[in-house]
Amino acid sequence: MACVLAIGSILFVWILGKGKYSGAQLIYRMATNFAISQGCCLVTCACELTEEIKHLHTRYNGHYWRALKASFNLSCAAFVTAILCYVFYEPKLMASLPLTIDITLTLLSWLFCWILGIQGPTPATISEITEIKQLNVAHGLAWSYYVGYLQFVLPALKESIQKFNEENHNLLKFPETCRLHILIPLSCRLYGDLKDVDENITFLKEIPPLYIDRAGIKGRVFKNNVYRILDEDGRPYNCIVEYATPLASLLKMTDIPSAAFSADDRLQQTKLFYRTLKDILENAHELQNTYRLIVYEDFPETKDHSRHLLSQEILKHIRQQHSEEYSML
């Protein structure tokens, strides 16, 4: 359809301008219109860059070059055209054209951009559209995790902890430990036992399971585990910890060629999963003080990376919650 419109526009300009304007004048005007339109796009991209810089660490890991590439999608053809217009400028080329021809030439320049793929949405714009319209993989995973799991488990957590404490001498006696601590590693690597990744974390016990009839399964079981975590001085802390299981899907997608899902895509989707889940839970006011999201980087770039990263991250959040509880008293 774009090619048909382009051919029609060329014929229209040729009919109206035949014998009145030279081909050089018409081409020069179309080139200047193209350069001006690309200049407007350049300003728009600069505005997008200022917005992306605000999210430099959450979206691009602090890399300015990645933010720059995501914000700009201009072809070198725009700059070459602008230079050629300047080099070959002559007053006679800037003829005063009728409004109909001028508008048609402007339309024609946009059509050529579209046909040749010179102008298109930037990666940042595409990301914004898919995020707003909830077209990302992460949105579906976050909502599925909430409506299919957290929406059942979190409201019942308080009662399950009470039963657990009655049977186990109040092992979870502090408010900051009576929450479900959800681990969100940016690498998406999940382990069956947390001790496999950090020897300062050991499985202690299960809290009483939750049974729900769901999706044709009678008495479907939802379990949560209590882990004992040792700090740097060997002092024990007990809390309920588990991974956000949908992250395993993101990791598997990277290994499936047909998914066309790169490691960078996985990282961006993991961050979006966290932001989406955070928004969902914050809007579920009845679930306040029943969970804690722990997002952390677990792909070390240096050899002196701590072997106790996970226990340190969990303890940091437990202490933060303790100070928050204390400040509210």
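Every residue gets a Cβ built from N, Cα and C, even glycine.
Residues or ranges marked as topological domain 'Cytoplasmic' in Swiss-Prot (evidence: a curator's inference): 1-4, 53-74, 117-329. As annotated by Swiss-Prot, transmembrane segment applies to 5-25, 27-52, 75-88, 99-116. The annotation topological domain 'Lumenal' is assigned in Swiss-Prot to 89-98. Per Swiss-Prot, the feature region 'Cyclic dinucleotide-binding domain (CBD)' maps to 135-325. The annotation 3',3'-c-di-GMP binding site is assigned in Swiss-Prot to S144, Y149, R220, V221, F222, K223, T245 on the grounds of similarity to another entry. The 2',3'-cGAMP binding site annotation in Swiss-Prot covers S144, Y149, R220, T245.
Feature map: Swiss-Prot annotations on the structure.
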residue : record                      : Cβ contacts under 8 Å, 6 or more apart
S144    : 3',3'-c-di-GMP binding site : P246
Y149    : 3',3'-c-di-GMP binding site : F222, T245
R220    : 3',3'-c-di-GMP binding site : Y211, I212, D213, R214
V221    : 3',3'-c-di-GMP binding site : P209, L210, Y211
K223    : 3',3'-c-di-GMP binding site : E206, I207, P209, L210
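Averaged across the topological domain 'Cytoplasmic' (117-329), pLDDT in this predicted model comes to 86. Across the residues annotated as binding 2',3'-cGAMP (S144, Y149, R220, T245), the two Cα atoms farthest apart lie 17 Å from each other. Highlighted in sequence order, Y145, G148, F222 have their Cβ within 8 Å of the centre of the Cβ atoms of S144, Y149, R220, T245, the residues recorded for 2',3'-cGAMP, and are not part of that set. Residue counts for the topological domain 'Cytoplasmic' (53-74) by DSSP state, with H, G and I taken as helix and E and B as strand, are 15 helix, 0 strand, 7 coil.
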